[in-house]
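Working notes for the structure below.
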Amino acid sequence: MSDRLTLLRPDDWHIHLRDGAALANTVGDAARTFGRAIVMPNLVPPVRNAAEADAYRQRILAARPAASRFEPLMVLYLTDRTSAEEIRTAKASGFVHAAKLYPAGATTNSDSGVTRIDNIFEALEAMAEVGMPLLVHGEVTRAEVDVFDREKQFIDEHLRRVVERFPTLKVVFEHITTGDAAQFVREAPANVGATITAHHLLYNRNHMLVGGIRPHFYCLPILKRNTHQEALLDAAVSGNPKFFLGTDSAPHARHAKETACGCAGCYSAYAAIELYAEAFEQRNALDKLEGFASLHGPDFYGLPRNTDRITLVREEWQAPASLPFGDFDVVPLRAGETLRWKLLEAGA
């Protein structure tokens, strides 16, 4: 078993960098590993058009570490009022690479999201025409639907219909959490792909709920039972190009997580590729990591692969108990615990 693993530099096809003072921390953590990242638009207010995307992009670029070539790939936040013209303008910008469907109320800062899928059909038609992928948070939000069933319900009620109605539209089913979602993506046409997070590969709902509630495992879509975790691992290590890396790294200040009504999100960007390496090693599939992390994503988006490389070494190190997050701190995934792989920094 090798103690070194060299990969083409990976990209993160789903990340939350937040805004303001937090960018000084989140951008550096992402840029340490990734060449590019699809940046989620659920700010307050959300990123709804090309002008707002450009302003956010400039704030991210200003926060890059010195000499970093990290490239933020911007995303529009779809609303009931997103027009075809806004889609075309965004595509023409060259820096907006996708548009995101948040069902209203599904997750953090999604209150401005889509209330009925039919309301965005005009925008989806334009996206199919110009070649802009649709990114989907795939959960229904009706109160009577159990939180553990909301992803499957979304597939049955909405996603099948969207894929059938817009056969040329690229669709990324983001942060899939169930065997149902993995099966749907496998069986769907080639224009449908999915991202999988490190935390959904490494953990299941027992980790969050057994022996006490652990708020830093709480995320949306929520961790599912271990059979779904195993199905996600099967998909990730399969070599199927429909599945690729998307951390959904989503930081919240400690006080917003460790509270009676805590926010959803796990912060993994600080050690993302190391965490994925652990998951793939569990399946004796480190040889499949480069495809999942570095090849499948750019191929799906029609972007060039990165040409530089990173190296991981088998070396134990302790994850920090907390990290700076703007004016506060964030408790990262695996805080205070031992990680088994370490990114070899440039020049080391």
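Glycine residues also receive a Cβ, built from the backbone N, Cα and C atoms like all the rest.
Database features (Swiss-Prot):
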type     : residues                                                   : note
BINDING  : HIS14, HIS16, LYS100, ASP248                               : Zn(2+) 1 binding site
BINDING  : HIS16, LEU17, ARG18, ASN42, HIS137, LEU220, HIS252, ALA264 : substrate binding site
BINDING  : LYS100, HIS137, HIS175                                     : Zn(2+) 2 binding site
MOD_RES  : LYS100                                                     : N6-carboxylysine
ACT_SITE : ASP248                                                     : active site
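Cα distances from HIS14 (Zn(2+) 1 binding site) to the binding-site residues ASN42, HIS137, HIS175, ALA264 are smallest for HIS175. Comparing CA positions across the binding-site residues LEU17, HIS137, HIS175, HIS252, ALA264, the one lying closest to LYS100 (Zn(2+) 1 binding site) turns out to be HIS137. In this structure the alpha carbons, written CA, of HIS175 (Zn(2+) 2 binding site) and ASP248 (Zn(2+) 1 binding site) are 7 Å apart.
Distance between Cα atoms for LEU220 (substrate binding site) and ASP248 (Zn(2+) 1 binding site): 10 Å, as a whole number. Across the structure, ASP248 (Zn(2+) 1 binding site) and ALA264 (substrate binding site) place their CA atoms 11 angstrom apart. Around the Cβ of ASN42 (substrate binding site), 22 further Cβ atoms fall within 10 Å across all displayed protein chains. Annotation note: HIS14 (Zn(2+) 1 binding site) sits in a strand segment as assigned by DSSP.
Note: the CA-CA distance between HIS137 (substrate binding site) and HIS16 (Zn(2+) 1 binding site) rounds to 14 Å. The number of other CB atoms found within 10 A of the CB of HIS137 (substrate binding site), across every protein chain shown, is 25. Other Cβ atoms within 10 Å of the Cβ of HIS175 (Zn(2+) 2 binding site), summed over all protein chains shown, number 26. The Zn(2+) 1 site, placed at the center of the C-beta atoms of HIS14, HIS16, LYS100, ASP248, has further neighbours from the same chain whose C-beta lies within 8 angstroms: ILE15, ILE38, MET40, ASN42, LEU135, GLU174, HIS175, GLY246, ALA250. Remark: of the binding-site residues LEU17, LEU220, ALA264, the most isolated position is ALA264 (fewest other Cβ atoms within 10 Å of its Cβ).
Annotation for ARG18 (substrate binding site): same-chain Cβ neighbours under 8 Å, separated by at least 6 residues, are THR26, LEU43, PRO251, GLY326.
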